[in-house]
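Quick look at what TrEMBL annotates:
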type: DOMAIN; residues: 21-220; note: domain 'Neurotransmitter-gated ion-channel ligand-binding'
type: TRANSMEM; residues: 221-244; note: transmembrane segment
type: DOMAIN; residues: 229-317; note: domain 'Neurotransmitter-gated ion-channel transmembrane'
type: TRANSMEM; residues: 256-275; note: transmembrane segment
type: TRANSMEM; residues: 287-309; note: transmembrane segment
type: TRANSMEM; residues: 400-420; note: transmembrane segment
Amino acid sequence: REIKMRKLDSTKVRPEQLLRIEDHDFALRPGFGGSPIPVGIDVQVESIDSISEVDMDFTMTLYLRHYWKDERLSFRSNKNKSMTFDGRLIKKIWVPDVFFVHSKRSFIHDTTVENVMLRVYPDGNVLFSLRITVSAMCFMDFSRFPLDTQNCSLELESYAYNEDDLMLYWKHGNKSLSTDEHISLSQFFIEEFSASSGLAFYSSTGWYNRLFINFALRRHIFFFVLQSYFPAMLMVMLSWVSFWIDRRAVPARVSLGITTVLTMSTIMTGVSASMPQVSYIKAVDVYLWISFLFVFLSVIEYAAVNYLTTIEERKQLKKRGKASGMYSIDAVQAMAFDGCFHDTDVDMDLPAFSDRCEENETRAHAASVSNVDTTRIKRKRSLKGNVGRMILQNNHVIDTYSRIIFPSVYIVFNLFYWGLYI
């Protein structure tokens, strides 16, 4: 009775004996020499672990399942039940040699044991399942970054068997690709997952069936609004504060201009450091460089105002010196360096002085030109002199116009930018 019980105990029988593995040569594919063996594939994506813009790759964890029929593994079963094995039997039978095209690194999980499952049915149908983490290339286009949508794909293909020996296909069509409901990414919104197939040609080995796992990623913009766009807007607006500061307050306006320029440079450097060094212009580069240009122009605007103010006050001091017989260059230099000279310290009534200058110039030319030419030259010089005096005497108007022009142009730019890229 004990001997009979031992014979009935199936756990004492080795898989090689149950499946008659030793009776066949599994170095050859099933049906060798005949039509190509069909191998069905289905994939369940467990997670997308990371997406790197710098390395242009993504890391994905998935369950990869293969389906094929190998009559050499068929066995008798009264209850028509399948047999399930772990990875120890994989090395003794034939399995498809599917690999990931454009993959950088991949591995099969081995905690607590190797995550491999083999299920054999009585009629020879086989299910081979793996849990794999793979990092693969994703060719990204950053021309619209960070308002971009990236399309990535994971490609599967047989390494050794071309289409004459192995036909790779999606087991259940579009339903062969499933995803976990809780997949989420910090910077991206997953718009869609789709499965497709095609052919790949190699000049030395021929045509191969290739399967594609396609997914589209749309970037979340809110992070970049807080980290890049909003600070840039604030720096541009801060540079406009100098238009309301007195034009003689040189230290205040210069310090504000230099501070905003350096801050904009820091923002631009921070954005570039987290991105690959591509040779084309990104959308964020357009915005930051235009914002930098606005900040830079506000500094140039004050340089123009300060220069015109200096010229005006020097002419006023020169006029006072001629009227009183004295001319003090020290007062002019003091005004230019400390920025503390005030309009109340000079006489703003210049018409008499300018008229005498024009009369002297007219008399000097009267001896060498005709009366008609003299009149024309006098008009031109009078017009030029009036425009020059108007600019010099009213250079503070530049600040007044800047308070309107700078914000208006910047608002128009923002409307055009966001309308173009969104």
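Cβ coordinates are placed from backbone N, Cα and C, and glycine is handled just like the others.
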For the domain 'Neurotransmitter-gated ion-channel transmembrane' (229-317), residues assigned helix / strand / coil by DSSP: 75 helix, 0 strand, 14 coil
Long-range Cβ neighbours of the transmembrane segment (221-244) (under 8 Å; 6 or more residues past either end): 146-147, 187, 252-253, 256-257, 260, 263-264, 267, 270-271, 284, 287-288, 291, 294-295, 298-299, 301-302, 399, 402-403, 406-407, 410
Chain residues outside the transmembrane segment (287-309) and at least six past its termini with a C-beta under 8 angstroms from it: 228-229, 232-233, 235-236, 239-240, 242-243, 247-248, 250, 253-254, 257-258, 260-261, 264-265, 267-268, 271, 339, 391-392, 395-396, 398-399, 402, 406, 409-410, 413, 417
